[in-house]
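Shown next, in structure tokens, is the structure this report addresses.
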Amino acid sequence: SHPLLCPPGIKCGGVLSAPSGNFSSPNFPGLYPYETECTWLIVVAEGSSVLLSFSHFELEYHDTCAYDYLQVYNGAARDRGNLLGTFCGHSPPPPFSSAWHVMAVVFRSDRHVAKHGFAAAYKKDACGGQLTGLSGEITSPRYPESYPNDAECRWSIGGASGGGPLTLVFADFQMEGGQGCGFDYVALFDGPTVAAPRLGRYCGSARPPRTISSTPHLLIIFKSDFNIGGRGFKAHFYSAGECQEVFTTIKGNFSSPQYPNFYPNNLKCQWSIQLPPGYRVKVFFLDMELEGRSSLTGGCDYDHLSAFDGGTENGSLLGRWCGRESLAPVTSHSNRLLLVLHTDRNTAKRGFSISYVGVVPMNISCTRTDFHIQIPVQSLAQLERNRIYLGTPSCAAQVVGRNFKIHTRFDTCGTESQRRNNTSVIVSTLYIDFSVGDQEDVHQYEVQCEPKRKEASVTLIAGPDPSRLSQAENLVDAQQWEREAVDALEIKSQDTSDIVFISICILAGLLMVIAVVGLVLL
């Protein structure tokens, strides 16, 4: 028998809200129809999770499941950040536990090759379960109502393909207290079983600290005794690779979890950059695509990236971004900067890629004829003085007391005169060479002096990736520089020709005077 296109009356997809039930592909156990798409939304009581299993599974095979496939999602949204897996062929999907009380299942067939399809069963799990998604939410039974007495729940999190260490964050926590947490408690284990090292045991009303496992598995046990309860708890977990990082090197780069693939939902990631005193942190946004702005408020209310000065979220906000934007670099006012990524339950995007570089503390001044540059030795303690030079290596810094110093005249060390904003300025490049072995790493700063006002300034022009960063920052219009250089050459050549012409005139005049005097004497 040949499969047909899905007839209008056939049952395909829908909302399943009973505590348990079964569903299957159209025509099962016969061949499923061509060009069919079905979505089942399973919704159970809040605070519970959905347990899903497959008793039969046979779809057309393709190595990336590009033809016929079945997809399982955490939550209602068909969103790559919520995707638990895509399946085809003859191997049935593993049993799934949703990370909250909603799960979506999508079946799709193309216009060629039909198989017998699948049969699935689901049931509400009061608490606990095997959670394999990259991110999710768990709550105590009946949360936020008081949890039942004599309950015991186990959530085993992990096993996601490519999953790294797991992070668990408690958003709310209120349970019966007691010395040693012997009555009601939540216990965390660094692995899939209670034989793994224990990460903590918590009770009372103080929120447990953020917990990061050392393996891709985490076991959470909730237990209540025969009396006295509480609101319970609500916690988020995510397996996001590098999501909590601290950087202390002078330069670095990082990206959102799984970049350039879609980041997981339900994240709070933090990147802390901590440099030596006196430094500032300059951040370059190489690529960014997050969920867009709210159509209601116009703000970044969903997924967003924030930068804070001073290294904590209590510091002043340097910026908050979302959507797809090309951003100018951001510089901290202190030696610490914190970047925080928040993602909500749905609509994931590509994320971001960021580079940063430490802006070396330095004091630049100038007179009408000289540059004075001073850098504390402790800021560049590991560098020899010849690694710091102005224009050319022959103009290296000297060590004077506790400072590297460069004192040079404008007519040396690669300085040049330019016109900017109709003002004559003297410009040179300060090089600080952090290279180690074969790893070239030279940071460049443009130093500038306005001799008339004796005003000096310095700008970082190249850090982690000079070509991309100078391009991203667009510090100087190169064509304008070229035009000014050509103008300067023309002015110089014009000045030279004028001098030659005047010299010839003077010489001719002198010769005429000598000739006249000679005639008179004769």
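The chain as shown is numbered from 1 upward.
For all residues, glycine too, the Cβ spot is worked out from N, Cα and C.
Feature annotations, courtesy of TrEMBL:
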type	residues	note
DOMAIN	12-125	domain 'CUB'
DOMAIN	127-240	domain 'CUB'
DOMAIN	243-359	domain 'CUB'
TRANSMEM	499-521	transmembrane segment
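Mean model confidence for the domain 'CUB' (12-125) is a pLDDT of 88. Taking DSSP states H, G and I as helix and E and B as strand, the domain 'CUB' (127-240) has 3 helix, 49 strand, 62 coil. The DSSP breakdown of the domain 'CUB' (243-359) into helical (H, G, I), extended (E, B) and coil residues amounts to 0 helix, 55 strand, 62 coil.
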